[in-house]
Amino acid sequence: MMAEKILPVTLFVSVLLVLSVDQASSDEPDHRYRQGDQVPFYVNKVGPFHNPSETYRYFDLPYCLPDRAKEKRLSLGEVLNGDRLVSGPFPIEFLRERKSVPVCKKKLSKEDVAKFRAVVHEDYYYQMYFDDLPNWVFLGMVDKRQQRYYLFNHIHLNIYYNKDRVIEITSHTHTNAVVELTEDKEVDVEFLSTVEWNETDFPFEKRMTKYSQSSSLPRHLEIHRNSVINSCMAVLLLAGFLAAILRILNNDSVKYANDEELAADQEETGWKCIHGDVFRYPKHKSLFAACLGSGTQLLTLTVFIFILALVGVFYPYNRGALLTALVVLYALTSGIAGYTATSFYCQLGGTNWVRNLLLTGCLFCGPLFLTFCFLNAVAVAYTATAALPLGTIVVIALIWTLVSSPLLVLGGIIGKNSKAEFQAPCRTAEYPREIPPLRWYRQTIPQMAIAGFLPFILIQTELYYIFASVWGHRIYTFYSFLFIIFITLLIVTALITATLTHLQLAAEDHRWWWRSFLCGGSTGLFIYAYCFYYYYALSDMSGFMQTSFIFGYMACISFGCFLMLGTVGYLAALRFVRHVYGSIKCE
């Protein structure tokens with residue numbers, strides 16, 4: 001009931017979010033200019049190419065400061081993304097060309113030379129936005145044979161326009177216009193700029209497609225298609241295997257139901273003999289209910305994110321749109337977590353629902369908050385743009401206080417008053433049955449390894465592209481493929497958890513509640529393990545800040561996947577167990 005009421009409201013807010021993000025992404029609503037109009041031109045963060053999280057303000061480097069450096073007002077998502085847009089060092093006017101025009105002259109001190117040499121050695125680049133079109137420029141180059149360092153001091157911009165609109169911008173630096181920084185001595189530098197305008201008939205509506213072409217090459221499409229085909233095949237195989245198990249169980253139940261004398265004479269063994277214990281409530285039921293509530297919320301959040309992605313909100317370089325959506329939708333779906341956790345907790349006979357609600361609210365947000373505090377302190381120590389301003393922290397705190405927390409409490413109150421009862425087809429015995437000794441491969445850890453490995457193999461290809469996008473410079477645009485993979489991930493998780501639950505019950509082990517949740521969520525542990533492989537084998541990232549950021553935030557993401565997939569695994573196992581034990585006669 002609660003979820004059915006909240007979902008339409010969240011969808012409506014999501015549509016509003018789509019519109020607001022699209023409208024807030026530019027300085028000019030129609031991007032139309034007349035000759036001589038000043039076109040919005042901003043320089044953004046600067047940082048080492050191999051460490052995407054380690055970024056700094058452009059003017060932290062000893063470049064010439066403009067007379068009026070104006071900071072652009074940014075959205076919440078842009079600030080979270082580390083963007084710090086400042087008006088460019090020189091103005092650009094529509095259809096007005098510049099030919100080697102001096103930007104400024106500056107005498108670099110020994111400290112400035114050493115600073116520039118260090119960033120050139122680490123392959124620093126900076127990002128600029130021209131009429132909301134991104135562009136990247138390296139700061140200098142290194143002659144590795146002679147160990148000489150050079151700083152580019154002349155930037156050449158080629159701008160393409162269609163009538164009164166800007167279509168594309170490209171940039172390059174002149175290798176013969178450099179300043180040598182090899183020695184620690186004062187250097188006089190004159191920074192120059194060239195701007196050329198070229199006409200094109202390319203339509204304005206398709207100008208952003210350039211930034212996704214590299215990810216849409218035929219070889220990448222073929223890789224994604226193969227990944228989807230393999231996932232679908234795994235779903236069919238597991239579905240057939242589970243269907244065979246259900247058919248055997250149904251035939252067994254029908255045989256005993258039709259022949260009562262045979263059922264009376266036959267000694268119950270395996271899964272049938274534990275019908276009096278299979279619905280015995282699990283230990284730590286408050287924590288279990290909180291895990292289900294948080295997992296349900298994260299599952300709903302992920303579905304809404306896919307909806308926004310499929311309607312085209314997260315097009316390439318729509319700055320901060322994804323992070324804004326995550327913050328807003330997480331707050332709006334808090335009521336689902338409160339309702340699910342409290343309702344289930346009360347069904348299990350819990351009485352302290354307030355404590356359960358607090359546990360639900362802190363289960364995911366608590367580790368995320370502690371991780372953020374540590375990583376934000378690291379960013380502050382590095383003076384990086386990843387350090388959030390006080391105003392942004394206050395905004396997030398207000399969203400959590402005024403939106404997320406009230407919805408969580410409201411959902412909890414509705415869940416407490418729903419008076420739903422846990423549906424168990426078998427009556428629970430007064431005393432628990434002794435569990436026979438289990439072989440090592442039937443223990444929790446080996447089954448978690450089995451349950452998590454297969455889903456991880458299915459998503460490993462897409463996981464590489466996601467890592468290369470989040471922790472690299474690749475652009476991800478295959479949201480339709482990713483959505484199919486996500487659906488198959490849920491199905492495979494449900495099928496394999498239900499299968500392992502059957503094997504556990506056949507061994508007369510009735511402790512399937514926590515086991516199903518742990519097995520379903522174990523894919524999250526494999527995702528975090530892949531993080532180590534990607535960092536050390538597939539990337540060139542280094543440094544304490546970048547290392548702490550990737551392993552810190554990926555720990556939170558993997559924990560979220562653990563809760564979400566664990567919830568899917570438990571719900572699948574619950575449906576399987578109800579179906580199996582609902583078809584037999586239990587005295």
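Each Cβ is built from the backbone N, Cα and C atoms, and glycine gets one as well.
According to TrEMBL, the protein has these features:
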- 1-26: signal peptide (SIGNAL)
- 228-249: transmembrane segment (TRANSMEM)
- 287-315: transmembrane segment (TRANSMEM)
- 321-345: transmembrane segment (TRANSMEM)
- 357-382: transmembrane segment (TRANSMEM)
- 388-410: transmembrane segment (TRANSMEM)
- 448-467: transmembrane segment (TRANSMEM)
- 479-500: transmembrane segment (TRANSMEM)
- 512-536: transmembrane segment (TRANSMEM)
- 548-573: transmembrane segment (TRANSMEM)
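Ranked by number of Cβ pairs under 8 Å to the transmembrane segment (479-500), the listed stretches 228-249, 321-345, 357-382, 388-410, 512-536 are led by 228-249.
Most Cβ pairs under 8 Å with the transmembrane segment (388-410) belong to 321-345, among the candidate stretches 228-249, 321-345, 357-382, 448-467, 512-536. The transmembrane segment (448-467) makes no contact with the transmembrane segment (321-345): fewer than 3 of their CB pairs lie within 8 A, with pairs spaced 6 or more apart in sequence. Among the stretches 228-249, 287-315, 321-345, the one making the largest number of Cβ pairs under 8 Å with the transmembrane segment (512-536) is 287-315. Just going by CB pairs under 8 A, the stretch in 228-249, 321-345, 357-382 that sits most against the transmembrane segment (287-315) is 321-345.
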